[in-house]
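Okay, here's the structure, questions in a sec.
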Amino acid sequence: MADLQTQMKQAVADAAVEQIKDGMVLGLGSGSTAALMIKALGAKLASGELKDIVGVTTSFQGEVLAAELNIPLLSLNAVDRIDLAIDGADEVDPGFQLIKGGGACHVQEKLVAARADRFVVVVDSTKLVERLNLGFLLPVEVLPGAWRQVQQQLAALGGKAELRMAQRKAGPVVTDQGNLVLDVTMNGGISDPAALESTVNNIPGVLENGLFVDLVDEVLVGEITDGSAGVRSLEKRLS
């Protein structure tokens, strides 16, 4: 399964890069699929197939990778527009609402997605779900001095929140902003992402949560058909 998943991710990353045009300001996402997209972009810039591209990264990880590939970068504050943002997701529901933040980068990811004229999400087929939060935890970035209070407030909303602990250091995960992350499971999943996004963000001590509501324009899905990796495009239907 791991090899098939890699094939799906590569196919969808390559398809996303085909949407990039010369002269664009790009939002460069975070995570494994976005990393493949950044590598494909770097190859096209190196070969001359694309030119005059500027990237705005959503994480330190993405910044390091883009710099290694000689992709010109600017900060979010240095640009007045982003033509296209491409990023992955941890879960995508039928309404194109997302959970992001498995890499604890969701604050910057949401800032870039909200600024972009067009936001394209790249995922493999395992990320499509009927309801959010049944299989993946909802990340909530919190101020270090408030995580216990926020945890209690989330419990009052029906959520079980646990402080995310680091894997290769002692203590909790610390975000690029110097904050902590609570991973939340809502009882029964998330039935109303828009309402929960607003409610959680109104808790004192919360910087941002990993629900991305009404931001996505297109989802590119990598999938295996007859043993070969392909890509399916899902366009959001206008209501």
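The backbone N, Cα and C atoms fix where each Cβ goes, and this holds for glycine too.
Heads up, here are the entries from Swiss-Prot:
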ACT_SITE  E109  active site, proton acceptor
BINDING   S30, G31, S32, T33, D87, G88, A89, D90, K100, G101, G102, G103, K127  substrate binding site
Can you give me the Cα-Cα distance between S30 (substrate binding site) and E109 (active site, proton acceptor) in Å, rounded to a whole number?
8
Neighbour count, 10 Å Cβ-Cβ cut-off, for K100 (substrate binding site): what number do you get?
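Around the Cβ of K100 (substrate binding site), 28 other Cβ atoms lie within 10 Å.
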What is the separation, in Å, between the Cα atoms of S32 (substrate binding site) and the residue listed as 'active site, proton acceptor'?
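Here the two Cα atoms are 14 Å apart.
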Work out how many Å separate G102 (substrate binding site) and E109 (active site, proton acceptor) at their Cα atoms, rounded off.
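A Cα-Cα distance of 11 Å.
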Near K127 (substrate binding site), which residues of its chain come within a Cβ-Cβ distance under 8 Å, counting only those 6 or more away in sequence?
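Sequence-distant Cβ neighbours: G88, A89, D90, E91, V92.
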Compute the centroid of the Cβ atoms of S30, G31, S32, T33, D87, G88, A89, D90, K100, G101, G102, G103, K127, then list the same-chain residues not in that set whose Cβ lies within 8 Å of it, in sequence order, for the substrate site.
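Apart from S30, G31, S32, T33, D87, G88, A89, D90, K100, G101, G102, G103, K127, the close residues are G29, A34, E109.
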Note down the number of other Cβ atoms within 10 Å of the Cβ of G102 (substrate binding site), including every protein chain shown.
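Its Cβ has 20 other Cβ atoms within 10 Å.
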Among all the protein chains here, how many other CB atoms are within 10 A of the CB of S32 (substrate binding site)?
14
Using Cβ atoms only, which residues of the same chain lie under 8 Å from D87 (substrate binding site) while being at least 6 residues apart in sequence?
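The list for D87 (substrate binding site) reads G27, G29, S30, G31, A34, T58, K100, E109, V112, A113, F119, V120, V121, V122, given in order along the sequence.
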For A89 (substrate binding site), what is the tally of other C-beta atoms lying within 10 angstroms of its C-beta?
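By my count, 28.
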